[in-house]
Each structure stands twice: as structure tokens, then as C-alpha cells.
Amino acid sequence: MFVDECVVKLQAGDGGRGCISFRREKYEPWGGPNGGDGGRGGDVILLGDDDTNNLVDYKYQPHWNAERGEHGLGKDQHGKDGAHRVLKMPLGTVVIDEATGKPVAEVVEDGQQIVLCKGGNGGWGNTHFKTATTRAPKRANDGHPGERGTYRLVLKSIADVGLVGFPNAGKSSLTCLITRARPRTAAYPFTTLHPQIGIIDYPPDRHGRRRLRLADVPGLIEGASENRGLGHRFLRHIERCALLLVLIDMAGTDGRDPREDYKHLLRELELYDPALLKKPRLVAANKMDVEAAAANLSKFKRRHRTVDVLPLSCLTSEGIELLKKELLKRVTALRGREKVSPRARD
């Protein structure tokens with residue numbers, strides 16, 4: 001199951017209570033105070049994890065607590081600090097405070113740590129309250145409560161390339177060919193029911209390993225901006241992409257017109273977020289192995305003269321390697337070598 005939005009309730013650990021204790025020894029039955037401090041409560045920490053790809057763990061277990069600190073003991077023994085609660089988050093997770101509706105954190109890097117709820121400090125033992133006039137204080141502090149809160153987690157995947165297209169245009173097949181992802185493929189619409197994040201590997205150069213992240217979102221349909229179909233719900237997963245890859249069925253399957261398909265796709269993207277149309281985009285003309293595709297491609301180019309089009313066939317793999325090279329070249333130019341998914345891992 002894919003979950004990209006859920007609500008969690010988090011509670012950091014309370015601090016331990018300080019101790020009231022006095023030194024009692026054989027030759028000193030009325031020694032001074034020696035009560036230890038309480039331990040600090042554990043924090044709730046979000047950890048960016050590139051191997052985690054959705055929020056399903058938090059959908060069905062929304063309550064997460066860190067350990068409380070242990071109480072102080074006599075002989076100046078401080079209580080043990082509570083263990084932190086570390087929650088692994090997929091990259092691109094936005095944390096929204098349910099009370100205010102405002103974003104409070106964002107997980108963007110593998111290994112990034114965000115302390116969302118801080119544990120409470122431990123209370124002081126009675127040793128701290130000894131003065132020149134109060135030699136035997138019978139006073140200690142309770143621990144401070146840990147922070148708590150209710151948060152909405154919203155996943156906006158981080159990818160270099162966003163793949164969009166109408167259902168049955170061949171997006172899942174293309175994703176299988178150019179990445180290590182293995183989405184379901186079949187000859188019917190909506191085989192992709194949730195976003196797929198795939199890694200496109202390239203031969204290493206003198207700078208080391210090269211790779212891109214590609215986000216394949218469920219197929220759009222006309223009216224997606226009005227929440228028809230599946231694609232609109234998942235369009236937020238391409239908001240951060242450097243490049244949009246628009247896949248068009250150039251064979252005109254089921255009497256469709258590739259030129260109109262492209263027009264409607266752009267319209268749905270604009271209705272969802274006009275900023276998406278400002279992103280650089282590349283059109284991949286699929287199903288060029290079909291006889292009618294060549295004529296349709298000529299008509300498409302005449303209408304959309306300024307659009308960069310790469311013909312290919314997912315069935316014969318024609319044009320696939322050229323597409324991979326073009327994606328790397330364009331994303332590298334847009335983001336710079338250091339920003340091309342440096343943390344994508346096996």
C-alpha cells in the first residue's frame with residue numbers, strides 16, 4: 001500500500017524526578033544531601049531515509065513516544081536519560097502542525113535529522129538546594145514534561161525527472177526500461193495506482209557514479225484538476241522535479257489525437273499549478289513501431305514547432321538509450337553535477 005499523507009501524534013519523554021536523599025554512613029549519621037538529578041527525556045527525531053518511499057508505517061500506527069528519563073537516586077546518582085524515538089521519513093516529507101496549519105519542518109536529505117519534539121529536562125535532586133542556612137534541604141524538582149504535538153505528514157517526492165502522460169501511454173513500460181523500478185505493466189489504463197520512484201543508472205565518469213531519480217505518477221485524464229481519476233492527487237510528487245518528461249501515445253490508440261492529448265495534458269498541469277508549465281519539459285513520442293505513428297509525429301511537430309520531441313518505442317526499445325542520455329544532459333545543465341541525485345543509493 002502506498003500512503004503519502006497521514007496524521008501522527010508525537011510525545012517526547014518527560015524528565016525524571018530529582019531525588020531527596022541524605023548521606024548516611026557509619027561515623028556520619030547526619031550527612032548532607034546527596035540526591036541525584038532525574039534523567040532527561042528522549043527526543044522524537046525525524047530521520048531522512050532514501051530507502052523509505054512512503055508513509056504507510058505511520059498511517060496505521062499514528063502514536064509515537066520517546067522514553068521518559070529515569071528518576072534520580074541517592075548517592076548523587078543521576079537518572080538515566082530516556083532513549084530517543086527515531087522515525088525514518090522518505091525524502092520530500094513536509095511536516096505540518098495540525099494546530100496552526102503551518103509547515104514546521106521538511107525532510108530533504110538522506111541522513112538529515114530533525115528534532116521535532118524535545119524531551120523534558122530532569123528535575124534537580126536536593127543536592128542543588130543546599131545553602132549556608134539550609135544544610136538538609138527536603139526539596140527536589142519534578143522533571144519537565146516533554147514536548148508533544150499532532151502533525152500532518154505530506155510526502156512530496158524528490159526526483160530529477162517527473163514522468164506524466166495519459167493512461168495507457170506506456171509510462172510503466174518506459175519506467176521499467178530506463179530505471180530499476182518494476183511497476184505493473186498491462187494493456188489497460190491505470191496499471192500505475194501510486195507514484196513510482198525509479199533510479200536511472202549511468203556509467204561512472206571521472207567524478208564517480210551518475211544517476212537520476214524519476215517519478216512516475218498515475219496517468220492523468222481530462223478533468224484531473226477536478227479530482228477525476230488518480231493523477232491529480234499525486235501531482236505534488238512532480239512539483240520538485242527539475243524536468244518534466246511528457247509521454248505521448250503517438251500511435252493514436254483508440255482514435256486519440258496526439259496533438260490534442262498534449263494540449264489537454266498541459267491544461268491539466270496548469271489547472272493544478274501554473275508553476276508546472278514553467279518547468280523545462282521534453283516530449284517522448286512512444287509507440288513509434290506502429291504504422292500510423294510516423295504520420296502523427298509529423299502532424300505533431302507542425303503544430304508544436306517549439307517543442308523538443310524524441311521518438312521512441314517501448315516495445316522495440318528504439319530511442320531508449322538516446323532518451324536516457326538526453327535526460328542526463330538536461331538535468332545536469334539545470335541542476336549542476338553536484339545536485340543530480342547525489343544521495344540516490346542501491
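Each position is counted from 1, following the chain as shown.
Glycine too: its Cβ is placed from the backbone N, Cα and C atoms.
Taken verbatim from Swiss-Prot:
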- 165-172, 190-194, 216-219, 286-289, 313-315: GTP binding site (BINDING)
- Ser172, Thr192: Mg(2+) binding site (BINDING)
- 1-158: domain 'Obg' (DOMAIN)
- 159-332: domain 'OBG-type G' (DOMAIN)
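Sequence features, as recorded in Swiss-Prot, placed on the structure.
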residue : record              : Cβ neighbours (10 Å)
Gly165  : GTP binding site    : 25
Asn168  : GTP binding site    : 18
Lys171  : GTP binding site    : 27
Ser172  : Mg(2+) binding site : 23
Pro218  : GTP binding site    : 26
Lys287  : GTP binding site    : 25
Ser313  : GTP binding site    : 20
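In this structure the alpha carbons, written CA, of Pro218 (GTP binding site) and Ser172 (Mg(2+) binding site) are 9 Å apart. Under DSSP, Pro218 (GTP binding site) is assigned to coil, being neither helix nor strand in the three-state scheme. Distance between Cα atoms for Ser313 (GTP binding site) and Ser172 (Mg(2+) binding site): 13 Å, as a whole number. In this structure, Ser313 (GTP binding site) belongs to neither helix nor strand by DSSP; it is coil.
DSSP gives Lys287 (GTP binding site) a coil state; it is part of no helix or strand. In the three-state DSSP scheme, Ser172 (Mg(2+) binding site) falls into the helix class. The two recorded residues, Lys287 (GTP binding site) and Ser172 (Mg(2+) binding site), show a Cα separation of 13 Å.
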